Amino acid sequence: MYTLVAIAGLGILCLIAEIFNLRKAIVPITILGLLGSLVLNVADYGKTLSYFNNMIITDTFSVAFTSLFIILAIFLIALTPVVHKEHKAKISDFVAIKLFLLTGAIAMVTFGNLAMFFLGIEILSISLYVLAASEPKNLKSNEAGMKYFLMGAFASGIILFGIALIYGAIGSFDTGVIYGALLENNNVPGWFFIGIVMLTIGLLFKIAAVPFHFWAPDVYEGSPTLTTATMSTLTKVAAMASFFKLMTTLNRTVPGSYITIISIVAILSMTVGNIMALRQNSVKRMLAYSGISHAGFMLMVFFSPTFTAGTLFYYAAAYTLAGIASFAVVLFVCTNKENEDVYNFNGLGKTNPLMAGILTCSLLSMAGIPIFSGFFAKFFLFHQVFSSGHVAIVIVAIINSIISLGYYFKLIIAMYTKESTAEKQTVPFTYGAVALIALVLNIAMGLYPSFALELIFR
Amino acid sequence: MDVSFVLIILLFGAAATFFVGDKWASKAALFFSTAAFAAAIYVTYLFNQGMGVDLTMNWIKAPRILINFQGDGLSLSMLLLTTALTPIIILASFKNSIPKARSFYALIMFMAFAMAGTFLSADGFVYYIFWELSLIPIYFIALIWGSGDAESRRKSVIKFFIYTFAGSIFMLIAFIYLYQRTGSFLNIHLYRAFLTPQEQFWIFLAFFLAYAIKIPIIPFHTWQANVYQKSPTAGTMLLSGIMLKMAIYSIIRWQLPIAPNPAAEYMYVLIGLCIAGVIYGSILALKQDDLKKLLAYSSLAHVGLIAAGAYTLTLDGLRGAFLQMIAHGFVVVGLFYAAEIIQRRYNTTEISQMGGIRIQTPKFTSMFMILVLASVALPSTFNFVGEFELLYSMAQTNIWFAVIGGTTIILGAFYMLRMFQQVMLGEQNAKLFADITFGEGFVFVIIIAVLLFFGLYPKPIVDFITPDLQKILLQINRFN
């Protein structure tokens with residue numbers, strides 16, 4: 001709980017710092033502050049505590065995910081000053097908005113009440129609308145912001161409607177009360193389930209699962225690259241984690257018909273995401289579609305939700321760390337370029353072997369090649385889905401892993417076999433450091449998977 | 001000292017090779033690979049003294065995965081093959097000026113590490129990791145340092161990667177399934193999984209996909225010839241000399257003992273497929289004008305015979321497969337090296353462009369001749385021992401297999417000798433062929449010495465592997 005307050009306070013501090021002309025100190029102070037809140041957060045580990053009449057509940061699940069979000073936010077904020085070199089005056093805004101976004105994300109995994117959950121999702125979404133449109137002179141950024149806002153507002157409306165229906169059925173926003181009511185009472189009104197379906201639709205929109213994915217490629221492509229990185233890492237896993245928490249706190253056992261729907265969505269997301277990614281030339285669009293397919297993989301955790309919290313965390317961490325590292329390289333390569341097409345990466349293996357190596361490793365991790373954590377994430381996931389008896393979906397997932405090699409390798413091949421089009425440029429320290437640290441964390445998770453896997457217990 | 005020591009040397013060697021820089025990379029790689037070979041010999045010596053060379057360590061608690069490296073007759077003989085061939089392969093690329101040499105040699109060392117790990121792992125999951133890990137270096141070696149048109153090379157290399165990855169991921173599913181049944185990935189536990197024939201069939205099939213693509217067995221061979229032709233010679237040597245042996249070794253170590261039932265039931269189909277590969281490879285080899293492609297197809301034929309021997313489920317077949325794996329590893333590395341030497345001087349691999357080399361370099365010619373004769377399994381070479389055991393085992397199953405499989409020797413003699421005639425003999429070529437250097441000759445002498453020594457006296461290897469093969473055979477026959 002203190003983490004949440006501290007981070008929100010840090011965001012306000014950022015805004016105040018601008019008034020006192022302390023722009024240069026903002027990023028270091030924020031990162032230190034975030035590290036401090038990470039410690040604060042870890043101090044809560046192992047206990048289940050509730051605050052404000054169950055508005056906020058912290059348990060191992062929320063602490064683990066909050067730590068992941070904070071680490072991701074540190075990476076993203078560290079990248080901010082280099083990316084927005086031209087907008088020095090606005091740096092405090094960018095940092096503050098990211099901090100508020102983080103606050104929203106944390107609220108989304110620590111909620112004990114649907115009102116709190118909705119507040120979290122709105123704080124997160126509004127910050128993102130602003131970030132998506134944060135290049136006012138760029139037509140595409142405007143388009144992305146507008147599109148995301150319109151679609152996101154609809155999704156929020158649907159979620160809110162769902163919450164209202166659930167309230168109508170049970171008479172409470174408190175997840176504990178709803179859970180108890182469901183246990184005692186067998187004939188809940190039918191609109192309760194309609195409410196659940198609406199919540200599901202809204203959240204599937206937020207994680208960009210097929211068939212609610214149409215906004216993702218356009219918004220990802222149009223937004224400034226750093227915002228794309230934020231959306232495809234932090235936001236996606238925040239939405240996924242809160243989806244998981246919501247469904248498991250409202251109802252311990254997920255009913256069969258719901259599983260059927262989720263498995264259809266998962267299969268569609270994987271397949272459509274991968275097949276569309278094969279056809280993309282823009283790296284940002286490609287990563288957007290790859291993110292859609294990863295959302296499909298992550299949805300597979302619903303097949304045995306009592307055991308898969310750890311797996312979801314591991315998958316989310318592996319996917320986001322690889323995402324951060326690859327976006328750092330994309331940012332480095334595509335600054336001052338007109339677009340983010342694959343040909344910009346031609347010859348990177350010669351001009352900049354370190355960054356090329358990091359991008360290669362991250363892509364291999366996403367593709368699920370051993371020793372990188374992405375492989376273990378897929379392995380643990382397949383293992384658990386397999387033991388819950390859903391063999392068919394594992395086979396589909398595997399075929400999708402094979403397809404995904406196609407587009408990840410397109411980029412790798414461009415880096416190593418084609419001649420460079422651009423002259424050599426030196427790597428700014430932050431890009432290199434962020435990419436390298438993310439990769440090291442990624443490999444460390446691969447070499448020692450037990451730690452991250454067993455963080456969450458009930 | 002346990003077997004992990006060899007792995008550590010190889011891994012450390014890979015890192016050291018990368019960091020000493022381009023100038024010293026080849027020497028560092030040679031030093032560390034030779035050190036690894038020495039360590040492997042020492043470990044084998046310890047094993048023969050009856051000391052334990054295994055390493056067991058906990059790694060992941062749930063699912064339970066152990067790091068377990070096991071040294072026995074089978075894994076140690078393959079470890080020796082890997083560590084012996086690696087310095088030879090590195091030595092063979094010494095004369096080439098390789099751009100970005102440190103990455104090149106580091107990748108070779110890393111590949112040796114991954115392959116050695118595959119042979120040593122007793123835990124199925126760790127085994128799978130090493131198995132997949134060995135794909136990454138060879139992918140980059142073929143992609144970056146390969147020859148020929150960049151676009152077609154890209155296509156064939158990516159096809160190779162996706163093909164093999166697709167095959168092996170089904171093996172992972174098989175392992176996950178086995179884990180559900182037994183709660184362990186250790187091979188000895190998996191042997192005792194008590195699977196129904198139905199389950200065994202699917203497990204067998206999943207393993208078969210992975211191995212058939214890697215070996216390759218018809219009809220999964222389409223990636224092979226192009227990749228062999230387009231890789232740099234060191235890559236081709238790694239692929240044909242060691243990497244395919246990973247698959248045959250895995251058949252004997254994993255596939256047959258875990259799921260012996262389908263192997264017995266579909267024995268005729270399996271051996272038939274393998275022998276079809278033998279005939280097919282031989283006939284295609286007859287038609288090739290590209291030296292490296294010819295060797296690739298001849299390799300397809302030889303490896304098909306080895307796999308056929310392993311699937312006979314007889315002691316002779318398994319032993320023959322092992323002996324022939326080692327013999328073929330050395331011979332094929334030697335032959336590709338000869339092709340490389342010719343390519344260095346003539347800048348081509350087309351056979352029709354060659355000829356008249358014998359008059360200029362009698363030394364090279366005689367060494368090449370011995371390798372060609374070894375490849376067609378002339379008695380007194382190591383290959384004869386292996387091939388004889390293989391054919392003998394097939395005769396025990398069905399005499400016709402041996403008859404048809406035996407044509408590989410006839411066809412092999414035909415295309416190899418014809419190749420030799422066209423490449424080496426004939427009128428003096430207008431092009432000058434410089435005599436081979438000491439370094440080049442040294443590589444040949446080592447290879448030929450190994451082939452002749454074990455051809456005349458195979459007893460040490462046979463004694464070394466037979467007890468463990470008997471244990472495997474006991475597992476295979478546990479249902480009968």
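Quick reminder: no glycine exception, Cβ is built from N, Cα and C everywhere.
Pulled from TrEMBL:
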DOMAIN    A:113-404  domain 'NADH:quinone oxidoreductase/Mrp antiporter transmembrane'
TRANSMEM  A:26-43  transmembrane segment
TRANSMEM  A:55-79  transmembrane segment
TRANSMEM  A:99-132  transmembrane segment
TRANSMEM  A:148-170  transmembrane segment
TRANSMEM  A:190-214  transmembrane segment
TRANSMEM  A:226-244  transmembrane segment
TRANSMEM  A:256-275  transmembrane segment
TRANSMEM  A:287-307  transmembrane segment
TRANSMEM  A:313-334  transmembrane segment
TRANSMEM  A:354-377  transmembrane segment
TRANSMEM  A:389-409  transmembrane segment
TRANSMEM  A:429-448  transmembrane segment
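Here the transmembrane segment (A:26-43) has Cβ contacts under 8 Å with residues 2-3, 6-7, 10, 13-14, 17-18, 63, 66-67, 70-71, 73-74, 77-78, 80-81, 91-92, 95, 99 of the same chain, all six or more residues outside its ends. Of the candidate ranges A:99-132, A:226-244, A:287-307, A:354-377, A:389-409, A:99-132 has the most C-beta pairs within less than 8 angstroms of the transmembrane segment (A:55-79). Relative to the transmembrane segment (A:99-132), the listed stretch A:226-244 leads the set A:148-170, A:226-244, A:256-275, A:313-334, A:429-448 in CB pairs under 8 A. Residues 121, 125, 151-152, 154-156, 158-159, 161-166, 168-170, 235-236, 239-240, 242-243, 246-247, 250, 258, 261, 265-266, 268-269, 272-273, 288, 291-292, 295-296, 298-299 of the same chain sit 6 or more residues outside the transmembrane segment (A:190-214) yet have a Cβ under 8 Å from a Cβ within it.
With a cut-off of 8 Å between Cβ atoms, the residues of this chain six or more beyond the transmembrane segment (A:287-307) that come close are 207-210, 213, 216-217, 220-221, 228, 232, 236-237, 240, 244, 247-248, 252-254, 258-259, 262-263, 265-274, 276-277, 280, 315-316, 319, 323, 326-327, 330, 366, 378, 381, 384-385, 387-388, 390, 393, 397, 400, 404, 407-408. Cβ atoms under 8 Å from those of the transmembrane segment (A:354-377) belong to residues 290, 294, 311, 314-315, 317-319, 321-323, 325-326, 328-330, 332-333, 345, 348, 401, 404-405, 408-409, 411-412, 415-416, 427, 431-432, 435-436, 438-439, 442-443, 445-447, 449, 452 of the same chain, restricted to positions at least 6 beyond its ends.
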